[in-house]
Amino acid sequence: MKYMRSKNAFQNVISAIVLQVIIVLTGIYIPQLMITTYGSSVNGMVSSITQFISYISLVEAGIGNASLVALFSPLADQKYGNVNSIMSATRNFYRWAGCIFFILLLGLAMIYPAFSSGKINTSLIRWMVIVLGSSTLVDFWVLGKYRVFLNANQKGYIVTITQSVGTVLNAVICILLIKFKCGILLVKAIATFVYILRTIYILVYVKKKYTYLSFDAVPDNSALKRRWDVLIHQITGVIVNSTDVVVLTIFLKNFSEISVYTVYNLIASNIITLLDSFSSSLCAVFGEVFAKKEDELVRESYLIYEYIFFLMSFIAATCMMILMIPFMKVYTANITDAQYIRPVTAILFTVIVLSRSIRTPSLTMIMAVGHYRETRRAAILEAVINIVVSILLVKKCGINGVLIGTVCSYMYRTWDIIIYVGRKVIAGTLKTTISRVVRNIIIMGIVIGINYLIGTKVANWLEWFLYAIRVGVISLIAFLSINTCFEKQMAKKVFNIIGKVIKK
């Protein structure tokens, strides 16, 4: 295959995007339903507990990504004995990590109520911790090793398709339960049960499809030597991506404010996840190409990938900047227990989404080639910047204070990643990357400026939807036409690839 290696890459991308669209649609509606049914405090509690669980899940200790990188080469060379040795080691590490996670989860259930303002029953909080953490426990003990194996085999779409079906089923059941005003604990317990059903299907699929796979081989623990470097990146990643809610929980102790943050973050995280679904699906493809040392193919494919991803990212960020406040006005029209209309917060979230998205193509290359040790110092500094700035500003600026901390850390790390890849991983691409970033920022400013001058008022969902279509079409035309003018040959390659994919 030229450019994307095999049709598996296309299937991975499409299935991942479909999954994220489903998650976005259900993820936008269900939280609103939760807030109007149970209140902002309960919604904030669920979000806060979820973030704390993401911290203790760090006991995964980089097993997944380290195993993924270790599997690229033996799978490419069809050395199944080596594959089984790596998978045996992966299974063992996941088991131990699951046991440690279980102990920490029980500890969290005991101490978390201390962070509550007293508005929510202590027993409910403790059981909520157990229920929300159960799906992660299943991942450690059962699903994790199979997910790693499928992703390394470029069969990640099996996981995402199964998750898509599970998400739809879960959403329908949750909406019905909430409509009938069932307890929030029951609603979340159903979600965990659906997750377990999904795990059973994947387990059966792998055992039937890959008969050579065995966990009885002698474990090759040395193959996962990168796991501690990966762990450092995971720790810093969780700190940067999850510190906001934790800092707000500890220093403000106001679940209503956390709920406001959560609703804005819902939009931002859905956009980021949607974009990441495109990039993460290609990691295994690039990993295989790096393993076979096809340098020219790597460079050409990377520049095409970056061109497409930047178009998607800047169009998404532009639409987000313009549409977020009108969306919030309609979305929270019937919510009166907290102030949700915050323009500065919307701007900061947009900057965060854009800063994170700009680094994604370069970060994909770092993950594919396994340069975790080489980039860990910069990752640590990113986390330090985030924590220090957030703590300094949270009392004075509230939500915006922690967002400024995230913006500062993202801007530093994004440029560090771009420079590293342009000099150390794929030489000669730095100038092209920087010119693309500058060009698209200018286009973004022009589109936002024109929209600001025109001005549009939105009063209901229909008006917002029509407005969103208009903004989306204008943004697409502006970014596509100007980028095509500046990079005609690259645009031609992209259109050729799209044409070939459509024909297939």
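Cβ coordinates are placed from backbone N, Cα and C, and glycine is handled just like the others.
Annotation source TrEMBL lists transmembrane segment at 12-32, 52-72, 93-112, 124-144, 156-178, 184-206, 230-251, 271-291, 303-328, 340-358, 441-459, 465-486.
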Report, as numbers and ranges, which residues of the same chain sit near the transmembrane segment (340-358): CB under 8 Å and 6 or more residues beyond its ends.
260, 263-265, 267-268, 271-272, 275, 309-310, 313-314, 316-317, 320-321, 324-325, 328-329, 331-332, 399-400, 403-404, 406-407, 410-411, 414, 418, 437
Seg_contact(the transmembrane segment (52-72), the transmembrane segment (12-32)) with at least 3 CB pairs under 8 angstroms, min sep 6:
no
Long-range Cβ neighbours of the transmembrane segment (184-206) (under 8 Å; 6 or more residues past either end)
34, 38, 42, 46, 124, 127-128, 131-132, 134-135, 138-139, 142-143, 146-147, 149-150, 158-159, 162-163, 165-166, 169-170, 173-174, 177-178, 213
Recorded stretch that, among 93-112, 124-144, 156-178, 230-251, 465-486, has the most CB pairs under 8 Å to the transmembrane segment (303-328)
465-486
